[in-house]
Ligand SMILES: NC(=O)c1ccc[n+]([C@@H]2O[C@H](COP(=O)([O-])OP(=O)(O)OC[C@H]3O[C@@H](n4cnc5c(N)ncnc54)[C@H](OP(=O)(O)O)[C@@H]3O)[C@@H](O)[C@H]2O)c1
C-alpha cells in the first residue's frame, strides 16, 4: 500500500483526497490519500515523519507552501517561485504544480499565451505561481489591491521576462490593452465578496481565466460568457495541478476526466 496526503491548516474542505482516491480506485492502484491538519509549529515533524512512515507523496497547502522549502529541496519552477505544493517524499524534493497546472489548463483550452499580454489580478500565492509560469512567454501586467505587494511580485518576475505593475485603482485604463485576464483573488468565491475583480468594461474581447473554483460558475465567468468571451474555469486548474502531482509520483498521466468528475461531484456536495 502506498501512502499520500495533503497537509494544511485548516484542511477541512480540500478536494485533493477525493480526486486522488478516485483515480487510485479507477486504476486499481493500492494506495490511499488522506488530509492532515498540521499546525505551523509541527510542519518539520510532519514532513520528516511522513518520510519515516514511508509516504510516497504529499501535497501542501495554506499556510505551509513557502515554509516547507526549509525542509524539502524546491526543484524546477518551485525554486523560482519560492513555494512548493507537491512533495516527492522519499527524495524530499518539492514542486509547484499550481504553476505547471495553470499552463496545462491554458493549453487544454487551446489558448495561445506566447507573446500575448496577460493581466494578472492579485499578487498572492496563486498569482505568484502563474506569473512565474508565464514569465518569458507572455508580457505580464500585474495589478493588486495592495500596491507594495504587486510591485514586489512584478520586480521578482522581471528577472525572467517582461512584467509591469499597474495600480488597481486605475486598472480600467487597460481596456483593449491585454489579451488574457487571470483572476487570482478570492473575489467571487463562496462566502467571499460577490464583487468582480475588475471593472465590467474590461470584460470584452479577452480570454477570461478565473482561478476561483467554488462556485464553478463565478460571477466573473458568468459575465464573461454573457459577453461572448472565451472562459477558463478554476476547476480545470485544480484538476491539472492534481494531475501534475500524480505524474510526479507515478511517472505517467492520470485520467483527467475521472479526476474532473470527482471534483465536480465534490464541489456539488460542498456548495
Ligand atoms: N484553481 C486552483 O487550482 C486554485 C488553487 C489555489 C487557489 N485558487 C484560488 O485563488 C484564490 C487566491 O489564492 P491565493 O492562495 O493566491 O491567496 P492569497 O495568497 O491570500 O492572495 C490573495 C490575493 O487576492 C487579493 N485580494 C484579497 N481580497 C481582495 C479584495 N477584497 N479585493 C481585491 N483584492 C483582494 C489580495 O490582495 P492584497 O495583497 O491586497 O491582500 C492578494 O493579492 C483563492 O481564493 C482561490 O479561490 C485556485
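Cβ coordinates come from backbone N, Cα and C, glycine included.
Cross-referencing 94, 176, 234 with the NADP(+) binding residues that TrEMBL gives (122, 123, 124, 125, 126, 144, 145, 146, 147, 148, 149, 211) picks out 234. Around the Cβ of residue 16 (shikimate binding site), the number of neighbouring Cβ atoms within 10 Å comes to 24.
Annotation note: residue 85 (shikimate binding site) sits in a coil segment as assigned by DSSP. Only 126, 145, 149, 213, of the recorded positions 16, 65, 126, 145, 149, 213, place a Cβ under 6 Å from an atom of ligand 1.
If you take the Cα of residue 15 (shikimate binding site) and the Cα of residue 234 (NADP(+) binding site), they are about 13 angstrom apart, rounded to a whole number. In the three-state DSSP scheme, residue 15 (shikimate binding site) falls into the coil class.
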